[in-house]
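Listed in TrEMBL for this protein:
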- 1-93: domain 'Thioredoxin' (DOMAIN)
- Asp25: site 'Deprotonates C-terminal active site Cys' (SITE)
- Cys31-Cys34: disulfide bond (DISULFID)
- Cys31: active site, nucleophile (ACT_SITE)
- Gly32: site 'Contributes to redox potential value' (SITE)
- Pro33: site 'Contributes to redox potential value' (SITE)
- Cys34: active site, nucleophile (ACT_SITE)
Amino acid sequence: MDVARFTDQNFNEEVLKSEMPVLVDFYADWCGPCRLVSPIIEELAKTYEGKIAVGKVDVDANSKVAGDYGVMSIPTVILYEKGKEVARQVGFG
């Protein structure tokens with residue numbers, strides 16, 4: 001399964017209205033720790049295919065959704081279930 005790309009435009013439909021839990025990695029291309037998290041996110045997408053949707057939000061290109069959900073530092077990984085945040089990890093390590 002490929003890692004989805006979520007944006008300000010599709011976040012509500014793809015994440016909050018999803019029937020499946022959704023793991024979202026908020027990142028930026030220039031962020032070193034984000035690059036370390038990326039292969040882990042890709043592996044999770046493969047491992048949990050069909051059970052959890054996995055995607056990424058580029059915070060530079062999609063600042064509205066990042067701000068709406070209180071993403072102040074990156075990487076931030078949030079698990080949503082039935083439109084609600086159920087877990088959050090900020091940073092790497």
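For all residues, glycine too, the Cβ spot is worked out from N, Cα and C.
Note that the structure is a prediction, hence the values are computed from the model and not measured.
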Of Cys31, Gly32, Pro33, Cys34, which recorded positions come within 10 Å of Asp25 (site 'Deprotonates C-terminal active site Cys'), going by C-alpha to C-alpha distance?
Cys34
Could you check the recorded sites Gly32, Pro33 and say which one's CB has the fewest neighbouring CB atoms inside 10 Å?
Gly32
Measuring CB to CB from Cys31 (disulfide bond), give everything in the same chain under 8 Å that is also at least six residues away in sequence.
Ile74, Pro75
I want to verify one value. Collapsing DSSP to three states, which class is Gly32 (site 'Contributes to redox potential value')?
helix
